[in-house]
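Okay, so here's the structure we're looking at.
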C-alpha cells in the first residue's frame with residue numbers, strides 16, 4: 001500500500017503504457033530530509049491482465065488508404081448539379097481507369113459511357129473543332145478594306161452588315177465564314193461561281209459603256225450662271241492676253257524706266273501719316289477701300305455705318321446707313337463709283353457714292369465676313385460664317401453661285417486680275433482656288449496651322465498671298481502648286497494682305513500688333529514698317545496707282561501712307 005501511495009500512477013496506468021519504470025528515470029527530491037526508504041513491494045498483477053510491453057516512441061501514422069470505389073449500376077443516371085456546375089470529374093476518372101477490354105461490374109457486357117462523360121467529350125470535340133477552325137481562319141487571306149469585306153460577304157450570300165457591327169467585327173465574321181466553308185470543302189466552289197458571275201457582269205458593264213457615254217456627276221446650274229461663266233471666260237481671255245504681252249515686254253526690256261523709277265521710289269518711301277480725330281461714332285473701324293480713280297476712300301465701322309472720304313483732302317463726302325448690325329467690310333467697284341458693304345445682319349448692300357441704296361443681297365445663313373468685286377465689275381463675291389461663299393449679279397441682284405468646300409467658316413475672298421479664278425480662305429486654315437469658268441476647285445493650299453483671314457492675288461498672275469492667325473504670310477506659286485516663301489511677318493495675327501495692284505511691286509500686311517509692313521514683291525524682304533496706330537490694325541487697301549496705302553484700326557482712326565517723299569503733311573479727319 002505504501003508503494004501505491006508514493007507512485008499513484010502505477011495503479012492507474014492504461015493498457016498501452018508500461019508497468020515497469022527504469023531506475024535511471026526516477027526523480028529524487030533533495031529539498032526534503034532523507035528518510036529511510038521502505039522496501040518496494042511489486043504489485044500483484046492478476047493473471048487475467050496481459051503483461052504490457054515497455055513504452056515505445058509513437059510511430060508516424062501512415063495516410064489512410066482510399067476507400068474502395070463504389071460499384072456503379074449498369075443503368076445510367078443524370079449527372080448531379082452542384083453550385084450550378086455539372087459534376088463530371090468522378091465519372092470521367094472512373095471510366096478512364098478502366099481499360100477498353102474491361103467491363104464495369106453489373107454491366108451485361110462491353111464498354112458503356114455515362115451521359116456526363118458523353119457530354120464532356122462532346123464539349124471537348126466541339127472546342128477542338130473551334131480551335132482548328134480559328135487556326136485555319138488565321139491562315140486565310142481576308143481583305144482589310146471594309147468595302148472589299150462587304151463585297152465578299154455579298155458574294156457569299158451573307159448580310160453585308162449586322163446591327164451594331166463594326167469594321168473589325170465584320171472582318172472577323174467573314175474570316176470565320178470562309179474558314180467554315182473551307183473546312184466543309186465548299187469555299188473553292190463558291191468562289192469559282194462568284195468569279196464567273198463577276199466576270200460576266202464586268203463583260204456586260206463594258207458592253208454597256210460602249211453603248212452609253214458616262215458623264216461625271218454634277219449639279220446643273222441656272223441659265224444665269226451659264227451666261228455668267230461664258231462672260232467670265234471671254235473677259236479672262238482678253239485680260240490674260242494683255243498680261244502676257246506686258247510680261248513679254250518686261251522680259252525684253254527689264255530696265256524699263258517706269259518700273260525702275262517706281263521701284264526705287266518705293267524703297268526710299270517716307271510715310272505720310274494722317275492723324276484722324278473723331279469719325280462721328282465711337283466704334284472701331286473694320287474695313288477700308290479706295291475707289292477706282294483713287295479720289296475717294298470708303299471706311300466701315302462696327303456701328304454698321306459706312307463713310308466715304310475724299311482723297312487726299314480727307315473730307316467726309318457721305319454716310320451710308322442701312323445695316324442693322326455691325327459692318328464687317330467695304331469694297332469699291334473697279335469700274336464704277338459704286339461700293340458694296342457687308343454686315344453681320346447676313347446681308348450685303350450696293351450703294352452709290354451719294355449714299356443711296358442700289359441693291360440688297362440676301363441669302364446667307366450667318367454673318368458675312370469679307371466681300372470683293374470681280375475685275376469686270378459685274379459680279380460681287382461674299383463670304384460668310386455659314387461655310388459658303390456666293391457670287392451675285394450686280395445688275396439683277398440674283399444669286400448666281402452658292403459654293404461650298406470649306407469645313408469651317410469662310411473669311412477672305414479675292415479674284416484673279418484676269419477674272420478667271422477666285423480664291424477663298426477660312427477658319428479651317430485652308431485656302432482654295434476656284435475656276436469660275438468651270439466651277440471646280442482646282443487647288444487646295446495647305447500650310448497654315450491656324451485660321452486664315454486675308455488673301456490676295458498678285459498682278460503677275462501666278463503669286464498668291466495668304467495671312468492668318470499663325471502670324472505668318474505665305475506666298476504661293478500657282479504654277480508649282482506649293483508655298484514659295486513663309487514670311488514671319490508680325491508678332492500677332494495677320495488681319496489683311498494686299499498686293500500692289502499695278503505690277504505687284506510690293507506687298508502690304510496689317511496685323512493686330514498695331515503695325516502694317518511693306519514687303520518687296522520680288523524677293524519678299526522687309527522694306528518698311530508703318531507704325532502709328534495705337535490699337536489693332538484691322539484692314540488696309542492700296543490705291544490703283546500704288547502711291548497710297550490706307551490702314552484702319554480699332555483706335556478709330558484712318559491713316560494714309562504715301563510712297564512719295566514730298567507728301568509729309570498731316571491732315572485731320574472731321
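The backbone N, Cα and C atoms fix where each Cβ goes, glycine too.
Remember, TrEMBL labels are computer predictions, not curated facts.
Residues or ranges marked as region 'Disordered' by TrEMBL: 1-39 (among others).
According to TrEMBL, the region 'Disordered' annotation covers 69-117 (among others).
The domain 'Pre-mRNA processing factor 4 (PRP4)-like' feature in TrEMBL is assigned to 144-197.
Through the fold, the repeat 'WD' (320-352) approaches residues 283, 286-293, 296, 298-308, 358-362, 364-373, 375-377, 380, 382, 384, 392, 394, 539 of its own chain, all at least 6 residues removed from its boundaries and within a Cβ separation under 8 Å. The repeat 'WD' annotation in TrEMBL covers 320-352 (among others).
The list of residues near the repeat 'WD' (361-402) in space but at least 6 beyond its ends in sequence, with Cβ under 8 angstroms from a Cβ of it, reads 221-222, 224-225, 228, 231-232, 235, 239, 287, 325, 328-336, 338, 340-350, 408-419, 422, 424, 426, 436, 439. According to TrEMBL, the repeat 'WD' annotation covers 361-402 (among others).
Beyond the repeat 'WD' (403-444), the same-chain residues lying 6 or more positions past its ends with a Cβ under 8 Å from any Cβ of the stretch are 221, 229, 232-233, 235-236, 239-240, 243, 366, 369-376, 381-391, 450-457, 459, 461, 464, 466, 468, 470, 476, 478, 481, 501. What TrEMBL records for 403-444 (among others) is repeat 'WD'.
Residues 240, 243, 247, 408, 411-418, 421, 423-433, 492-504, 507, 509-511, 519, 521, 524 of the same chain, all 6+ positions outside the repeat 'WD' (445-486), place their C-beta atoms under 8 angstroms from a C-beta of that stretch. The annotation repeat 'WD' is assigned in TrEMBL to 445-486 (among others).
Across the repeat 'WD' (487-529), mean pLDDT in this model comes to 95. Among the features that TrEMBL reports, repeat 'WD' is placed at 487-529 (among others).
Taken from TrEMBL, the feature repeat 'WD' covers 530-571 (among others). Secondary structure counts, DSSP: the repeat 'WD' (530-571) has 0 helix, 19 strand, 23 coil.
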